[in-house]
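According to TrEMBL, the domain 'Major facilitator superfamily (MFS) profile' annotation covers 12-440. The transmembrane segment annotation in TrEMBL covers 12-34, 54-71, 83-104, 110-128, 140-164, 170-188, 296-317, 324-343, 349-375, 387-406, 412-435.
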Amino acid sequence: MGIKWRSSTWYITTVVTYGAWTEAFVYMVGVPIIPFRLEDLGFTHFSTRSSWFLFSYCIAISIYTLPNAIFLDKRSWRRSPMIVATCAMQLSLLLLILVKQYWAMVLTRIIQGLSCTVIWSVGFALICENVDQKVVGRQLGIAFTGSHLGNVVGPAAGSGLYSAFGWKGPWILCMGVCSIELIARWLVIEKNTIVIHQSGEQTKHVKKQDGYTTTPIAAPSPISEMTDSQANEHRLVKEKSNQLSPFQVVIGLFSIPRSLTAISVNFGTGLVIGAIDPTLTLRLKDQWGKDSHFVGLVYLATIAPVLLTGVITGHLADKFGAEWIVPTTSLLAAPFCLLMILQNSLLGFIMSFGLMNFFINCALAPIGVEVSAVTRDNDGISELHQFAALNLAWAAPMAIGTVIGGQLYDRIGWTSVCWFCFACCLITVPATLAYTGDRPLLRRFLKRNSISRTTT
């Protein structure tokens with residue numbers, strides 16, 4: 001029932017977008033309230049303990065991402081793993097409500113990280129496998145908007161519910177959010193499944209009527225011939241990818257310059273966000289005496305402008321190429337990291353934080369277009385492999401960044417955190433100039449200079 005809309009581009013994009021929102025929401029709900037929860041339970045060294053709590057989530061994603069991608073890439077299904085992952089997420093949220101021991105809280109966060117590995121990697125691969133390549137940047141941009149929206153709503157909802165209902169309030173809301181996601185994912189029909197179903201109907205058993213042998217013909221499919229050809233093309237790519245060993249897949253992901261550059265950009269962005277998450281709450285508390293509710297409002301005010309960046313930058317990457325967007329946004333984000341050192345102006349601090357967030361998030365959708373292009377140009381590397389690598393390049397540095405940020409804040413101070421973020425924004429710029437896009441900016445510049453010299 002509903003095969004047409006359940007397998008449509010927009011429904012699949014909506015489900016993946018909601019899943020990305022859920023993943024970001026569940027992560028960000030805890031960011032402004034964890035230090036206050038630890039204080040209520042009688043713990044000390046809030047910054048360090050908060051950073052390890054966030055670290056456990058990210059390190060679980062880092063360890064499980066590539067094995068999960070290599071295993072699932074050899075299977076034809078995507079929906080079932082996402083349903084199982086959502087159920088595991090529900091279990092971890094329930095445990096987080098009940099436990100009070102610090103080690104048990106960390107364990108529940110690890111389970112959440114394992115679940116989000118599947119939700120993120122498989123979800124974005126599902127778009128690339130079921131959407132026309134001409135609009136994949138736009139659809140990925142919409143899906144990334146879900147992640148931005150989760151970053152906006154999560155801290156505000158977490159701090160507000162914590163202030164009103166205590167520790168259980170935010171996590172009960174998360175369980176409700178995941179329940180909706182579970183139903184939506186269950187309704188998805190993948191287009192390669194439709195092709196298999198059609199093939200099965202065309203080879204059904206033979207009936208006999210009035211002495212004549214007749215073979216039933218499958219009913220016309222509501223999916224167009226172009227969709228079927230795309231699904232068959234995906235099947236052929238999958239057969240090629242299955243010929244590679246896991247070791248060859250990993251080598252391929254990290255040896256192709258264009259792929260490695262995209263992964264590096266995600267790595268640098270993850271370090272920045274990882275360092276900020278456990279320390280921003282403490283900075284606002286120590287410098288200006290603000291509580292968790294105010295921190296949530298800061299996230300809401302500063303991240304809201306990035307909601308449309310995914311759609312806009314994804315469309316621009318489809319039309320003009322990612323090479324114009326990725327290095328530019330990294331360069332623009334770097335100065336605002338240093339402006340966050342401001343001590344006297346709370347408004348200036350919030351504006352600097354918001355602009356830094358805006359520019360680093362502008363690169364996410366173009367990076368998705370990049371890895372999709374790498375998949376098309378390199379046999380044996382699938383969309384699931386690429387988005388798993390991006391997920392790894394996001395989670396591992398976030399895990400590292402949370403620990404570095406927490407330690408820097410406790411031992412040196414907020415200024416060292418800002419300088420660390422500044423360096424992370426700039427470190428990948430040379431690689432993006434050299435390898436991002438079909439015609440990287442550095443190559444264009446060198447070619448133009450060569451033509452000018454020849455003409456002279």
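Placed from the backbone N, Cα and C atoms, the Cβ positions cover glycine too.
Values in this document were obtained by computation on a predicted structure and should not be read as measured data.
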The transmembrane segment (140-164) and the transmembrane segment (12-34) contact flag, 3+ Cβ pairs under 8 angstroms: yes
Contact yes or no, the transmembrane segment (412-435) and the transmembrane segment (324-343), 3+ Cβ pairs under 8 Å, gap 6+: yes
Chain residues in Cβ proximity to the transmembrane segment (170-188) (below 8 Å; excluding those fewer than six residues from its ends, i.e. six or more beyond): 2, 6-7, 11-12, 14-15, 18-19, 22, 25-26, 29-30, 33, 78-79, 82-83, 86-87, 89-90, 93-94, 96-97, 126, 157-158, 161-162
Considering the transmembrane segment (54-71), which listed stretch of 12-34, 296-317, 324-343 counts the most C-beta pairs under 8 Å: 12-34
Chain residues outside the transmembrane segment (83-104) and at least six past its termini with a C-beta under 8 angstroms from it: 22, 26, 38, 41, 43, 49, 111-112, 114-119, 122, 167-168, 171-172, 174-175, 178-179, 181-182, 185-186
Confidence summary (mean pLDDT) of the domain 'Major facilitator superfamily (MFS) profile' (12-440): 76
Contact call for the transmembrane segment (110-128) and the transmembrane segment (12-34): at least 3 Cβ pairs under 8 Å, seq gap 6+: yes
Long-range environment of the transmembrane segment (387-406) - Cβ separation under 8 angstroms, sequence gap at least 6: 47-48, 50-52, 54-55, 57-62, 65-66, 68-69, 113, 117, 120-121, 124-125, 128, 253-254, 259, 262-264, 266-279, 367-368, 371, 417, 420
Candidate ranges 12-34, 296-317, 349-375 - greatest C-beta contact count to the transmembrane segment (324-343) (under 8 angstroms): 349-375
Tertiary contacts of the transmembrane segment (12-34), as residues 6+ beyond its ends and Cβ separation under 8 Å: 50, 53-54, 57, 82, 89, 93, 112, 116, 119-120, 123-124, 126-127, 130-131, 139, 142-151, 153-155, 157-159, 162, 167, 170-171, 173-174, 177-178, 180-181, 184-185, 187-188, 277-278, 281, 292, 295-296, 299
